[in-house]
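Some features that Swiss-Prot has for this protein:
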{"type": "TRANSMEM", "residues": "5-23", "note": "transmembrane segment"}
{"type": "TRANSMEM", "residues": "30-52", "note": "transmembrane segment"}
{"type": "TRANSMEM", "residues": "112-129", "note": "transmembrane segment"}
{"type": "TRANSMEM", "residues": "168-190", "note": "transmembrane segment"}
{"type": "TRANSMEM", "residues": "243-262", "note": "transmembrane segment"}
{"type": "TRANSMEM", "residues": "272-294", "note": "transmembrane segment"}
{"type": "TRANSMEM", "residues": "301-320", "note": "transmembrane segment"}
{"type": "TRANSMEM", "residues": "367-389", "note": "transmembrane segment"}
{"type": "TRANSMEM", "residues": "409-431", "note": "transmembrane segment"}
{"type": "TRANSMEM", "residues": "514-536", "note": "transmembrane segment"}
{"type": "TRANSMEM", "residues": "607-629", "note": "transmembrane segment"}
{"type": "TRANSMEM", "residues": "634-653", "note": "transmembrane segment"}
């Protein structure tokens, strides 16, 4: 059963990719969807068996690297963390496969698309189930390559190619530091196997663990789109919408958070790394929510909300609340996939227009999509008793429950981020469904709900967005829950704050984020509905124009990267090419050698004078040289050759 979870998606990918021409579009769709759905059912069984019965499973297939003390086994482990990660990955992957049957129906390259989707799922399973850092890195690189292939799926579009290259190169920065971290683990601990590394971690110097932890955090920053290495995330929206749902809801962007959770027995011994995670997540949350508020593309707004929620997960990791981070990761995957697929349904209905300022009044034409996006947005805003409520607010409470300066500061910053998150959710719903129609008459007239393949995944995700958090809260975060007794998530006793969070935080600070989000949402709707001129006039003022431009241009971070990093590197590269490659190297190498030989040959030809006495002199000099060579045989051959060349040149010089 456990090997089937790993093998089935790659079998579907191979069949659809290599034999898609023989199978046809429908055959490729049936095979890939069947493989992923069966894998999902098996993963649910594994979740029950491993999680509830506390029976972790390890499978060692074969020895991959065997070099004296360095041994890597191609092995997989299924513990409570692994099966919990497989749950959203495979459920959402199977729903995206079904959704894509309708969404990509008019595309001529269906087989290739479904092959890429299944391959992406397989690589994510490898990343999650690998029992050592090297095997995890195989999956890590695999999802990077698959995201490149999927984002640039419509390869004739320049924007898609640019976005895929941006995502690929930005992730290479994180991969570089992750590789350095793995080398540091190998140097300090002598192995990359999780069990060995985590059992030796308490005996290692804290400074070494800090260096390793910082490298792992930078690796996670790129993959999980934390501020600084986040620039690829909104650009990746150029791919098909099912790809956006798969990459940015449950799979690739959560890989960095998974890496930090898996490394919890390591980073728990470095308070510096935990503090970095705490502040990094808080800054990411407020940064992304501010930028998302000023975006006009419906998919980019949802992408920035993903970034904001990932920031909250990293905050939870910084608080050592790994179970809350995992719970929020799983919850977020469902309602974020619902938002992305709902956005895809809207885009499909309005002739592929993504600017939601040109929507308006779609509630009458897309009632099901409106209901699902409303449910998912309320869950995103942590509305009471929906899925997001049980994890998002608990992260904010945990920050306050640490009762430190950093904890309380992060609570305040994250609350501001949560307020802005709710504001742009309200903005999307209002401008898309409730405002007066702003699109063309033909677009509105032809707006319609999709078929069963388009709507069934949305309904299933909406059900998860309502009930999943309530049904599983005691499993993941309940006091005394035995779900993580296998130590897949390790919390140092010094960092245990769950009881303080539950019983020590005043009730007013628990409900404060919800009160603020509701008040600001009502204020935003009232301003837009009854005083629309005030917002418009503010935007036209000089201050409002500059403010809007600053946030709309994403804090000018990309401009800074282009002007001061990319251009600097390109200038340095061109100067290196000019001075070294085309300068010194060519002067010494091909050009210099050619000129030297040409000059030498010209000097030799000038010795041919046609005068007999000159030839007699050459013969005499040759005899003398031969005698000198015989008597000075102890001198090195290179010195002799040098003497001969100098003699010839001196003769030539005297001749001239």
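Think of each number as a place in line: the chain as shown, counted from 1.
Positions of Cβ are set from backbone N, Cα and C atoms, glycine also.
Proximity of distant same-chain residues to the transmembrane segment (514-536), defined by a Cβ-Cβ separation under 8 Å and at least 6 residues beyond the stretch ends, is recorded for 381-382, 384, 393, 415, 418-419, 421-423, 426-427, 430, 435. For the transmembrane segment (272-294), same-chain residues at least 6 beyond its ends with a Cβ under 8 Å from one of its own Cβ atoms are 209-210, 213-214, 216-217, 221, 225-227, 230, 260, 300-301, 303-305, 307-308, 310-320, 399, 406-407, 409-410, 413-414, 416-421, 423-424, 427, 495, 548, 551-552, 554-555. Proximity of distant same-chain residues to the transmembrane segment (301-320), defined by a Cβ-Cβ separation under 8 Å and at least 6 residues beyond the stretch ends, is recorded for 220, 224-227, 230, 233-234, 236-237, 244, 248-249, 253-254, 256-257, 260-261, 264, 268, 274-289, 291-292, 295, 328-329, 332, 336, 339-340, 343, 356, 380, 392, 395, 398-399, 402, 407, 410, 414, 417, 421, 424-425, 427-428, 491-492, 495-497. Scored by C-beta pairs under 8 angstroms, the transmembrane segment (30-52) has its highest count with 5-23, from the stretches 5-23, 112-129, 168-190, 367-389. When Cβ distances are compared across the two stretches, the transmembrane segment (112-129) makes contact with the transmembrane segment (5-23), since 3 or more pairs at least 6 residues apart fall below 8 angstroms.
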